[in-house]
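*Asks:* Mind looking over this structure? Questions follow.
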Amino acid sequence: MSSYYPRTKDLTRTRRSLTESPPSSPSPTEKNYRHDRVSRFDSIGESATDKSLGRTSSYTRREARLAALNKQEQDSTAKDYKKMYAEALHENAKLKSRLQESKQELAKIRSQLEKVTQRHDTISERSSALESEKREKQTLEKRVSDMEEELKVLTELKSDNQRLKDENGALIRVISKLSK
């Protein structure tokens with residue numbers, strides 16, 4: 001019995017180190033250790049019932065160990081799923097904020113485009129108004145120049161008319177003197 005306890009302590013230490021470390025393929029020394037343990041059970045010379053009881057207990061220990069490993073894997077996968085979910089939520093939040101920023105930028109650009117379009121419309125309206133004003137101004141200037149020419153002609157005609165009146169008056173005086 002006393003030889004059984006130290007061996008159990010060694011096995012529990014080995015089990016703890018196996019369960020604490022991540023699952024991986026067994027190293028060659030672990031394979032040899034397992035092989036030696038199996039061969040020791042065979043070479044000890046135990047009876048068939050002892051072997052079956054020993055194997056049953058080793059099977060239960062193995063099952064318990066596998067169950068613990070499976071539970072750890074499930075916990076780690078659950079944690080991984082939680083981590084992945086948290087990462088997905090974080091990524092979604094980032095994308096939503098980028099989408100909001102993009103929408104705001106789009107709205108800003110649209111308003112700027114609308115302002116530019118209004119300016120362009122205003123400028124085109126102004127340019128068409130300016131163009132019509134230019135045409136109006138040109139027609140008015142032409143009318144003014146035509147009127148100035150007419151005014152010159154009228155003043156010339158007035159002066160000619162005055163001269164003719166003066167000549168007419170002089171001729172009437174001469175005729176009246178000659179007729180007396």
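The backbone N, Cα and C atoms fix where each Cβ goes, and this holds for glycine too.
So TrEMBL lists the following for this protein:
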| type | residues | note |
| --- | --- | --- |
| COMPBIAS | 19-30 | compositional bias 'Low complexity' |
| COMPBIAS | 31-40 | compositional bias 'Basic and acidic residues' |
| COMPBIAS | 113-124 | compositional bias 'Basic and acidic residues' |
| COMPBIAS | 131-145 | compositional bias 'Basic and acidic residues' |
| DOMAIN | 80-180 | domain 'cGMP-dependent protein kinase interacting' |
| REGION | 1-59 | region 'Disordered' |
| REGION | 113-145 | region 'Disordered' |
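Surface or core, plus neighbours and distances: that's what I need for these features.
*Replies:* Beyond the ends of the compositional bias 'Basic and acidic residues' (113-124), by six or more residues, the same chain brings no residue to a C-beta distance below 8 angstroms of the stretch.
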*Asks:* Where DSSP helix means H, G or I and strand means E or B, what are the helix, strand and coil counts for the compositional bias 'Basic and acidic residues' (131-145)?
*Replies:* 15 helix, 0 strand, 0 coil
*Asks:* Which numbers of helix, strand and coil residues does DSSP report for the domain 'cGMP-dependent protein kinase interacting' (80-180)?
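*Replies:* Looking at the domain 'cGMP-dependent protein kinase interacting' (80-180) with DSSP, the answer is 100 helix, 0 strand, 1 coil.
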